[in-house]
Structures are given as structure tokens and as C-alpha cells.
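Q: First the structure, which I've put down as C-alpha cells, then a few questions once you've had a look.
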Amino acid sequence: MWASMATTNCASVEAVEECLDEEAALWLKVAAIAAILIAGAVGVAIPLVGGKGRLVRTDGGVFVCVKAFAAGVVLATGFVHMLHAAESSLTNPCLPDSPWRKFPFAGFVAMVAALGTLVVDFVGTQFYERKHQEEATGAKAAASSAAADLEEKGITAALLTPEADSAGRGKDPMHIVGIHAHAAAHRHSHSHAHGACDGPALPVRSHGHAHEEEGEGSSNARHVVVSQVLELGIVSHSVIIGLSLGVSQSPCTIRPLVAALSFHQFFEGFALGGCISQARFRSTAAAMMACFFAITTPAGIALGAGVASSYNPNSPRALVMEGMLDSMSAGILIYMALVDLIAADFLSQTMSCNVRLQVSSYLALFLGAGAMSALAIWA
């Protein structure tokens, strides 16, 4: 393990790269910062701005298909890019045989990261659901208190005064209450008579309304947690890939990375922006999350360019750190793609009731995963 922490250049790694040109590499890094910043900002802004202006419906077919494509991109990033990069780093001949080639650390760390994400996902969801229930209970208590005050002031007496119909006959207040109760019960039973795919039922303001609000609060809590955990996973690997590009002095390596990372950032941004939009954050919080995502990879590139002269990416310490971080990022991204992006949409009632949407979403998912996987040929 002590040998794994060395910072000296590894003798087994090629010290000389092809087409080294520091000046050309620097200009390409500047272009990469601009291109990736724009791609990420546009990707995350489309669902946010479109959702605020009602231009993009988060429950519409087009949004679901594009989000499925983005989920495929995220999934392929975890499996094909990050996990493979982690395996390459942690099994590099520069590292000692024991323990790095005696145990599959890349897969193990990715598994631990996925399980850790599950725990964070669960605990965060429980926290936000409990918080929503407490707020709802407080609002109900305040409403009950206000109603009691009004009743004390005698305002309810006017509501209970017998009404007169067109013939001048008075209506019994209990009769009026009975009519409203019957109508509410009819609406409640009518909504349950709908099949799962018969279309949305009318809003029910009866005794089932509390369950309706509770369901909405639970769904919103899930969206809040999903968006935050997804951003954590995306940001963690964005720093690594930005740093990797920034320390390179080879234009031949940087050119394909610019195109690949721009494509990657755009669709990851769209997936994240869709989750933020569905979570219904306040405008300030949503803008902060979007900006933090957009600047992460460019900041990593700038940091890498700044330390390129002193940072040795071929040292055992750098290989171990990059391998561990890549493994953790892979585990987080794979979990988020499968559980919170793909399963959440593909197992929903909207998807199960629309065959055309199912086919188009699956095609978009496979196309996104295939396109991102194909980019591994060049980057």
C-alpha cells in the first residue's frame, strides 16, 4: 500500500505521448471549457425554463422520450466509461500486484457506492416525507383554529340559516348537508370506478383528499431527493473527467474529448434539469443547482490546466485516486440511471397505459445508451 502512494512517474507507463503540443493543447482546453459550459447550461436549462414557461410539459411524451435518451447516456457513462476507466487505473501494471490485482476493487467500490446511494436515497426520502407531513399537520391545525374562531364569532350561524327555493319554501340545513355528502360520496366512488388506464379522474375534495395530498407530497419528496443525489453523482465524475482533460498536453487526446464531453454534458444536464423541474424547487435553488452542474466540468478542466506542469497522472497515487473516484461515480450513476431515472418512468402508469410511448421511450433509451457507448471508441 505504501508503494501505491508514490508520486514518482511509473516506469511501465509510456512517458512520451504522440503529438505533444502544449500551446495547441492550451487553446483546445479553452475551447473545451466554452463548449462544455454552453452544452451543459443549455441542457439543464431547457426543462427548467420550458417548465416554468409551460413550454415543456414534464409529463408529455416528448419530454419522457428525451429523458429516456438521457437516462441511457447516464447508464452508459457509468458502465462503459467510468467503470472501465476505474478498472484500467486500479489494474495498471504500475501498481503492486497485492492488493490491486488480487481483488476486483473497481466493481467492489462501485457496488458499495450504489448501496450507499440507496441508503442516502431512502433516508432523504423519509426525511422530506416527514417534513411534508409536519407542514401539512401544521396547516390543518391553523385552519381548524381559524374555523373555531369564526364559529365563536357567530359567522357559521349565517351559513346554517335555512335557504329559500324559487317557490319561497325554506330548505332544511340538514337536507343541504345531506345533498353535499351524497355528491361527495358519488364523486369518490366514481373516481374509483375508473380503470387504471381510463384517464385521470376528476379532483376529489372529499375524505380522500387527504390521501391525495399525502401522495403528492411523497412524490415530490422523491423528486427532491432524486435531483440532489443525481447531481451529487454527476458532479463527482464531472470533476474527474474535467481534470483528466485539463492535465493532458496532447491535442490528439483532447479533440475527441471535447465533442464527447459536450454531448455527454448536454444530455446529463437535460436529465438533471428534468428532475429539478419535477421537484418544484424555488427559482433560486433551481438556478443554483443548474449553475453548479454547468460549471463543474469546466472548473475541472481549468484546475487540470493549472496543475498540468506539476501533476503526474501516471504516478501510483494518481492512479489509485482516479480509480477509486471513478468507481464511486460509476456506482452512483448506475444506481441513479436504473432506479431513479429508468424504473421511475418506465414502471409508471403513464407509460403502462400508452403503447406508443412505451415503444418510443425504449427506442430512445437504447439509442442513448448505444450512442454514449460508441463514443468510448474515441474518448
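Start at 1 and count along the chain as shown; that gives each residue its number.
Just so it is clear, glycine is given a Cβ too, placed from its N, Cα and C backbone atoms.
All TrEMBL annotations are machine predictions without curation.
From a predicted model like this one, the values you see are computed outputs, not experimental measurements.
In case it helps, TrEMBL gives these features for our protein:
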- 26-49: transmembrane segment (TRANSMEM)
- 61-83: transmembrane segment (TRANSMEM)
- 103-123: transmembrane segment (TRANSMEM)
- 188-219: region 'Disordered' (REGION)
- 286-308: transmembrane segment (TRANSMEM)
- 328-347: transmembrane segment (TRANSMEM)
- 359-378: transmembrane segment (TRANSMEM)
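Walk me through where these features lie, including what they touch and how far apart they are.
A: Tertiary proximity for the transmembrane segment (26-49) is limited to same-chain residues at least six positions away from its ends with a CB under 8 Å from its CB atoms, namely 55-56, 58, 63, 242, 245-246, 251, 254-255, 257-258, 261-263, 265-270, 272-274, 276-277, 286-287, 290, 293-295, 297-298, 301-302, 304-305.
Beyond the ends of the transmembrane segment (61-83), by six or more residues, the same chain brings 47, 106-107, 110, 234, 237, 263-264, 267-268, 270-271, 274, 326-327, 329-334, 336-338, 341-342, 345-346, 350-351, 354, 356-357, 360-362, 364-373, 375-376 to within a C-beta distance below 8 angstroms of the stretch.
Tertiary neighbourhood of the transmembrane segment (103-123): same-chain residues 83, 86-87, 90-91, 225-226, 229, 233, 323-324, 326-332, 334-336, 339-340, selected by CB-CB distance under 8 Å and a gap of 6+ residues from either end.
For the transmembrane segment (286-308), the residues of the chain that approach it from at least six positions outside its boundaries are 26, 29, 32-33, 36-37, 40-41, 44-45, 48, 227-228, 231, 234-235, 238-249, 261, 265, 268-269, 272-273, 276-277, judged by C-beta separation under 8 angstroms.
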Q: Other than its close neighbours in sequence, what residues sit by the transmembrane segment (359-378), given a CB gap under 8 Å and a spacing of at least six beyond its ends?
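A: Same-chain contacts beyond the ends: 61, 64-66, 68-73, 75-77, 80-81, 84, 256, 259-260, 263-264, 267, 342, 345-346, 351.
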Q: Same chain, outside the transmembrane segment (328-347) by at least 6, Cβ under 8 Å from its Cβ: which residues?
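A: Those are 64, 67-68, 70-72, 74-75, 77-79, 82-83, 86, 106, 109-114, 116-118, 121, 222, 226, 229-230, 232-234, 236-237, 240, 271, 275, 358, 361-362, 365, in sequence order.
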